[in-house]
Amino acid sequence: MGDWSALGKLLDKVQAYSTAGGKVWLSVLFIFRILLLGTAVESAWGDEQSAFRCNTQQPGCENVCYDKSFPISHVRFWVLQIIFVSVPTLLYLAHVFYVMRKEEKLNKKEEELKVAQTDGANVDMHLKQIEIKKFKYGIEEHGKVKMRGGLLRTYIISILFKSVFEVAFLLIQWYIYGFSLSAVYTCKRDPCPHQVDCFLSRPTEKTIFIIFMLVVSLVSLALNIIELFYVFFKGIKDRVKGKSDLYHATTGPLSPSKDRGSPTYAYFNGCSSPTAPLSPMSPPGYKLVTGDRNNSSCRNYNKQASEQNWANYSAEQNRMGQAGSTISNSHAQPFDFPDDAQNSKKLAAGHELQPLAIVDQRPSSRASSRASSRPRPDDLEI
C-alpha cells in the first residue's frame with residue numbers, strides 16, 4: 001500500500017488545479033478504485049491460483065489451464081488500468097509544476113527590475129513583457145494558476161487520453177474475460193491428456209466485483225466526457241467575454257449628440273412660404289421657425305414680388321419682339337398671394353383672380369388726343 005499512498009499524494013495535488021468535474025473524477029478514483037482495490041478485491045482474489053482445481057493428475061495441466069483461462073489476473077489488470085488512467089493527470093500536474101517554476105523565476109526577475117526602477121532606470125518595457133508572460137502561462141495574482149493557453153490544452157489532452165484508456169481497457173477486459181465468471185472451465189491443452197474440467201473458487205463474489213469495477217469505469221468515462229464539454233464551452237465563453245471586454249475598452253459608449261438632428265431653417269425676411277412641411281427625418285417636437293403671414297411686411301413683400309414678376313415678364317416679351325402679341329388672361333394673372341383669411345376662403349371656393357388692368361398714367365394731351373387713332377410703336381394692342 002506504500003505505492004498507492006505515493007500515487008494518492010501526487011493526485012491530491014491535482015485537486016487545486018482541476019475543475020469541478022476533475023475533482024469528482026479524482027474522488028471516484030480514490031474511493032471506488034484505489035481504496036476498494038486495496039482492501040476488498042485483493043482479498044477476494046488472494047487464493048485465485050491455489051484454489052483453481054482440475055479433474056486430472058497430470059503434472060502441469062492445472063498451470064496451463066489456469067494460464068489459458070486467466071492470461072492476467074483481474075487485480076493486476078485493474079492496477080494497470082488505474083496507472084494508465086492516472087498518467088495523463090500526472091502529466092498535467094507536471095505542466096502545473098513547470099508553470100509554478102516559471103512563476104518563481106518571473107517574480108524574482110520582476111523584483112530585480114522594480115529595484116532598478118527605484119534607482120531611476122527605465123524598465124517599463126521589461127515589466128510589461130513579464131506581465132505578458134504571466135498572462136501567457138495563466139499565472140494570476142497571489143500565485144493562483146488559471147487554465148488558459150498551453151495549460152488549458154494540456155488539460156484537454158489529458159481528458160482525451162483518460163477517456164481513450166478507459167474505453168481501451170473496457171474492450172480488453174470484455175475480450176479476455178467477459179464481465180462474468182463461470183464456476184467450471186473446460187480445458188484441452190498440452191500436457192493435459194484429454195479435455196479436462198477446471199473449477200474456480202468464489203465465482204459469484206468475483207463476478208460482483210467485476211460488475212462493480214465495470215460500473216465505476218463507465219462512471220469515470222461519463223465524467224470525462226462531461227468535463228470535456230464543460231471545458232470546451234467554458235473556453236468559448238471566456239473567449240467571447242474577453243473579446244467583449246476588449247471591444248468595450250477600445251470603444252466607449254456612443255451617446256447621441258444633442259446638437260445632431262435635422263438642420264434648422266429660417267426665413268430671413270420673416271415671412272413664411274405658403275406651405276412649409278416638416279422634414280420627414282425631423283425629430284419629434286421639431287418646428288420650423290416661420291414668420292407671421294398676416295404681418296404687413298409680408299403682404300408688402302408679396303405685392304412687390306408680384307409687380308416685379310410682371311415687369312420682368314413684360315420686358316422679356318419686348319426683347320423678343322412680341323410686344324404686339326396679345327397677352328392671354330392666363331399669362332396676365334398677377335403673382336398674388338392671399339393676405340387674409342377672407343381671400344383664402346375665396347380661393348378655396350373656386351374664385352379666380354382677375355387680371356390686372358393696364359393703366360397708362362401719362363396725362364393726355366391735345367396732340368395725343370388728335371393722334372390717338374394713329375398707332376404708336378410702344379402701344380399695346382388690345
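Each Cβ is built from the backbone N, Cα and C atoms, and glycine gets one as well.
What Swiss-Prot records for 2-23, 98-155, 229-382 is topological domain 'Cytoplasmic'. Feature annotation from Swiss-Prot assigns phosphoserine to Ser5, Ser255, Ser262, Ser325, Ser328, Ser330, Ser344, Ser365, Ser369 (among others). Under the heading topological domain 'Extracellular', Swiss-Prot lists 45-76, 177-207, citing similarity to another entry as support. The feature disulfide bond is assigned by Swiss-Prot to Cys54-Cys192, Cys187-Cys198. Marked as phosphotyrosine by Swiss-Prot on the basis of similarity to another entry: Tyr247. Taken from Swiss-Prot, the feature phosphothreonine applies to Thr275, Thr326. What Swiss-Prot records for 317-332 is compositional bias 'Polar residues'. Look at Swiss-Prot and you will find 362-374 tagged as compositional bias 'Low complexity'.
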Query: Residue counts in helix (H, G, I), strand (E, B) and coil for the topological domain 'Extracellular' (177-207), per DSSP?
result: 5 helix, 8 strand, 18 coil
Query: Taking residues 6+ outside the topological domain 'Extracellular' (177-207), which of them lie with a CB under 8 Å of any CB in it?
result: 44-45, 47-48, 51-56, 58-62, 64-66, 68-70, 74, 214
Task: Taking only the Cα atoms, work out how far Cys54 (disulfide bond) lies from Cys198 (disulfide bond), in Å, as a whole number.
output: 4
- line: Given the topological domain 'Extracellular' (45-76), its same-chain partners at Cβ distance under 8 Å and 6+ residues beyond its ends are 37, 176-177, 185, 187, 189-193, 196-202, 206, 209-210
- prompt: When you measure from the Cβ of Cys187 (disulfide bond), which residues in the chain that are at least 6 apart have a Cβ under 8 Å away?
  reply: Cys54, Cys61, Val64, Cys65, Lys68, Ser69, Gln195, Val196, Asp197, Cys198
Field: Which listed residue (Cys192, Cys198) has most other Cβ within 10 Å, given these are disulfide-bonded residues
entry: Cys198
- request: Could you please provide the mean pLDDT value for the topological domain 'Cytoplasmic' (229-382)?
  value: 53
